[in-house]
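Here is the structure we will look at, set down as structure tokens.
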Amino acid sequence: MISYSLPNERPNDFSRVIPVVKDIIESVKTKGDNALYELTEKLDKVKIDNIKAREEELKTQASKLDPKVKQAIDTAYEQLKAFHEMLVPPNIGGGYQGISFGVIWRSIEKIGIYVPSGKYSYPSTLLMAGIPAKVAKVKEIYVASPPTQEGTVNPALAYVAIKLGVNEVYKIGGAQAIAALAFGTESVKKVYKIVGPGNVYVQAAKYLVSSVVGIDGIEGPTELVIIADETAKAEYVALDMKAQAEHGPDTYIVLLSNDDELIRRVEEKIKNDKKIYYIIKTKNLDEAIEIANKIAPEHLSLYVKDAYTLMDKIVNAGAISLGNTPPAIIDYVAGPNHILPTNGWAKIRGGITVYDFIKPTMYANVRDINKQLLEASISLANYEGFIIHGKSIGARYE
């Protein structure tokens with residue numbers, strides 16, 4: 001199904017589930033582990049014997065993993081690690097007018113990673129969140145993910161958890177997992193920040209606990225905007241649109257093109273799909289860029305002749321695929337993260353990197369302050385009514 005005009009809003013309204021999620025959070029806060037056992041049995045239809053996966057349990061599950069999948073995980077791990085190691089910032093120091101100053105970077109000490117699960121498990125999500133956290137030297141990493149129908153940990157997830165060296169894995173999912181990581185229970189450690197994607201209940205829970213714990217963001221359904229000119233292959237464009245539609249019925253997929261023939265050929269390949277695709281004919285590529293920057297999509301593909309030049313004009317996008325690069329490869333092995341901002345949040349932040357797990361601490365050492373700076377600091381303190389601030393400064397340097 002094709003629409004030739006963009007909707008006013010994208011689907012990301014979790015207000016309808018807020019009352020239910022509030023009750024879940026309150027239950028976990030008051031009943032702790034008992035609530036987690038009850039909710040897992042009620043919502044996931046699984047009875048678990050223990051919340052925290054035992055070390056032997058993880059090893060046993062990991063041993064069941066197909067060797068080809070192990071190799072794929074190992075290969076992806078090295079590529080993602082190389083990308084995030086490139087981003088580690090140095091400590092910086094300098095000075096001006098008698099004052100030494102600088103920034104030192106420190107890791108967040110404890111984080112929680114939520115890994116969704118359903119018909120399939122998503123070990124790539126644990127790689128995407130866990131690798132930058134490890135590169136950032138986070139001391140304690142705790143993972144929560146729904147249990148399998150057998151009440152244990154998915155083999156691929158267990159393998160990645162062992163490879164990353166995470167501290168603990170919890171066999172809990174949904175809003176109750178977010179609440180447990182935010183407030184702690186008898187079995188679940190309380191963390192300082194929670195990252196990872198999830199359904200509307202998970203997002204609502206992250207929103208509700210964000211006053212007591214850091215979060216990476218509130219995310220909606222997957223988004224893809226494609227800007228394509230006459231050099232693009234319709235087959236690739238259509239495949240990429242259909243690929244992102246696999247994420248669910250609410251995915252937001254847009255083709256912006258100034259080429260009538262390309263649009264016609266793409267239409268032929270997607271017109272019978274039940275999924276809604278948006279196709280917009282633009283006057284030129286500059287108009288396409290303007291629309292894309294307003295949308296601020298999670299994924300942006302530039303199927304154009306000079307992709308690097310066009311990329312210089314993009315200011316709002318979670319991740320950009322250049323030329324014939326399929327967005328799907330970013331979901332796995334390209335290097336950039338697949339945990340990306342949606343619903344316009346790319347206007348103010350990007351995907352998960354080491355910067356989500358470190359924080360800058362600024363310092364100053366005042367030695368031989370010049371008279372102008374000294375007088376300025378005392379005058380400003382007095383003007384704002386902080387008289388003793390001024391005296392504290394003056395006592396040392398006047």
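Every residue number used here counts from 1 along the chain in the order it is shown.
Cβ coordinates come from backbone N, Cα and C, glycine included.
Between the candidates Asp74, Asp306, Asp312, Asp331, Swiss-Prot assigns the Zn(2+) site shared with Gln244, His247, His389 to Asp331. In Swiss-Prot, the substrate site is described by Gln244, His247, His299, Asp331, Glu384, His389, and among Thr222, Thr231, Thr282 the residue recorded at this site is Thr222.
Of the recorded residues, His299 (active site, proton acceptor) and Tyr114 (NAD(+) binding site) place their C-alpha atoms 21 Å from one another. Note: Gln176 (NAD(+) binding site) has non-local neighbours Ile24, Ser27, Val28, Ala35, Leu36, Leu39, Thr40, Leu43, i.e. same-chain residues 6+ apart with C-beta under 8 A of its own C-beta. Gln244 (substrate binding site) has a Cβ environment of 26 other Cβ atoms inside 10 Å. Around Asn199 (NAD(+) binding site), the C-beta neighbours below 8 angstroms that are at least 6 residues distant in the chain are Pro116, Gly174. Neighbour density at the Cβ, taken as the number of other Cβ atoms within 10 Å, is lowest among the recorded positions Glu298, Asp331, Glu384 for Glu384. Binding of NAD(+) is attributed in the record to Tyr114, Gln176, Asn199, and the widest Cα separation among these residues amounts to 13 Å.
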